[in-house]
Amino acid sequence: MDQLKYSSIAADDGSGDNDCVLPQKVERKKKRKKNNVLSQAEKQMEIELRNIKTASDIEVDGKEVSSTRKSSFHKSKQKSREVKVETALVTKESQPAQLCYDKIIGIFIHRSECLQVDPLIRHPLVKVHLLNAATGSYLKKSNFGRSVSFYDENQEVDYILPLMTEMFDYKERRSIVPFWEELLVFNEDFEYILRDDSPVLILFEVLDFVNFTVASSNYRKLGSEGGWHHIAWAFLKPVGANSALNTEKQLRLQLYKPQRMHKSRCNSCDVYEWWSGGMWKHYPATLYVTLKGITPPDHLPPALRSRSALQAELSQSPPFSELQQKQSDGDVKSNNENSMVSAQLLPSASTSFPVWSRLPSQSCKIPNCRKLTLPTASRGCFFVKFSNSGLHLACSISTDNKYIITVYSVPDGKEFAQFVGHQGLVYDLQWSPKDTMLLSASADCTACLWDSAAWKSTPMQMLPHPSFVYCAQFHPGNSSVLVTGCSDHVVRVWKRPYKSLQFELVQELEGHTGFVSAVSVSCNNVLYSGDSVGRILEWTGSKLKSKERGSQWKLKRNIDIRELRDTIVNRLQIHPGGQRLLIHARDSQLRMLDIATASVIQWFNGALNHRLQTSACLSPCGGLVFAGSEDGTIHVWNADTGEQLAIYSELQFQRPASGVDYHPFEHMVAFASYGNSAHIVVCEHGKLDSGKDIGLQMLVQQDVALHSTTGDFTDSCLMSSTPFHSRLSSLKDEKKLVPVNDSELGIFQGLPLAADTNGFSLSPNSTNVPSPWKENGSETSKERLASIIEKMDQVLSRTPKRSQKS
């Protein structure tokens, strides 16, 4: 029948092409139906308008209506009454509940990752828009007479105006990673944006203002928007899929690249066009925000300039003399005004992010003044470790029968949390890459995982071992993988499966002949492990097809260092450059190993260590080496030359200095001692401090480089791939070789190069003999250098070949 119907329609049209005519006719029918529906709706509206007048006397332009028209009109009136009843029921059901304004909207802007390099990005900020997701217009106020965004808001504005954070100045804050930590308050009921009848869309726009030249050139094309440089944008739906609420928790929003800009229009937002268009291009960063309902404060002090719709402005400013008197206090108050409001409205906003003094890529300095003195217990502290964010310091504190992990906040030094659960001495502490977990290795045959996000005092998981656990570390690129070293000569790899909260043992690495005392994992999936007999093994991880098993670790090589045989390895740490490995052994000597050639290139002497497992660390820049000594002192060396730079001798440590760690973002270092109730000492760098209160003895000025030609020549040879002796062949041919003694050759065997102005060595392990590098003429220094190189070649030629084969 349908075919006959369609064929008759085509025949009426008189066209022979049925394929072209049929769709057109169907569309026409649909349009007619729509028009009929619209006409009926218009008629119904007219009927409703007519019913406004009373039914007793109905007059049109002052004349009575005829009886026939009255009867038809009364019929339409009955119908309109039925329609009114139906519409009243619908509106009653759809009418929202009464808003009480007990909680208002609070949007907390935390931080983002490092933004892309752009000369126009110098002081970014975040702008927040509240829109109607269906129409794209700004969200209407629930009460038109209520100020939502600003205190003196124009009462004619019936929608919610956007708000912006303060700018993050790269130069002032000394960081290229923007962190705002600011609360934006919208004086609107929090339940108003969670209703189902009007879906709400929150858009975040990362902006930066440009200079006058760029703004004036963009004004003709973009209007007032030409003064802004659009960096990225993100969006958030308070009510997500399946009616899930994206509130009361910190969220990580993906940023997207901006699109083409147009001239701004009233009550419109360009970001909504980017969102609705669907052409989203990922920006290589994310934005951390929190959306939650906050309780309005009872009273906020008035200010000269209101920062919130809840804050009144002063009606009269104080005298100029009073402002001039309190200029410094006023500046500080204006800078911290928004943070004070945030602290009252949101508990998480009370902790402001500190500003570190060390610039990005700046060389680390030797701390020279006491910053904090943290309490311990009767047995002191064995190990200390700064978190990756630098905001916390974890310390393994011990008494005669209790072993507690105490976390202090940095830089104020307040006790932040305590982790209780170990029954033995805690040897090692490591933070996960995002500081969400803390890993501890203990003598109670367990490695424990602690929740550093919720800060629960009990362990979230205990990893059992058959014997003492001396070391543990997270994979730096994957927090779901960790490695532990045990006294049973086995290295264990643990992995947390996808969508699971528990770690599982996935592999046991065997190959050591002594207890595993040190492990270190690189981002390149390379694992180094050291044991009590001086053996260092290198393992490589190969990815498998199965996602649940992760990587399969295989032994790559055995790094056999002859001078380390039968010596306990305390610590292993990969240099920040990734090409060297710091080895701390229990023979009062530290070594820097070149990973590619498996040869020792630097020795660090001076710190005594024969009995206890003390710590050593590299500074984040890779230029300094810190190590504790059993005589209670701390020694500092230059990581590139092996030169001893300083000694801390008055830290009031009566027992060995067992713990040392350098801050990741500040010129700050923490020291600890185990054996008695010595305090944890945290030192920082001060420009005007001499370091006398901590007994700092500067053997060589840190910022003064060696000016001798030999030092520069040695550094260039170490950085080059050309053999050392081949680069001096011209010197051997041109100059007559001068014999050197064994003390001069000892410089290349690890003796410090530090010397005073008179040419005498200041190292505590060397005698006061004239330095071989202090010569009167440049020719003599070249001759002595060539002699040293030739004697080195003679020593190397006498090395047995069997050691090279092994």
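Yeah, the Cβs are placed from backbone N, Cα and C, and that goes for glycine too.
TrEMBL annotations: computationally assigned, not manually curated.
Features reported for this protein in TrEMBL:
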- 1-39: region 'Disordered' (REGION)
- 316-336: region 'Disordered' (REGION)
- 316-327: compositional bias 'Polar residues' (COMPBIAS)
- 419-451: repeat 'WD' (REPEAT)
- 462-495: repeat 'WD' (REPEAT)
- 618-647: repeat 'WD' (REPEAT)
- 762-782: region 'Disordered' (REGION)
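Per DSSP, the secondary structure of the repeat 'WD' (618-647) breaks down as 0 helix, 15 strand, 15 coil. Same-chain residues lying 6 or more positions outside the repeat 'WD' (462-495) and placing a CB less than 8 Å from one of its CB atoms are 421, 424, 427-428, 430-434, 436-437, 439-443, 445-449, 503-510, 512-523, 525, 527, 529, 531, 539, 549-551, 553, 613.
Summarised by DSSP class, the composition of the repeat 'WD' (419-451) is 0 helix, 22 strand, 11 coil.
Applying DSSP to the repeat 'WD' (462-495) sorts its residues as follows: 0 helix, 25 strand, 9 coil.
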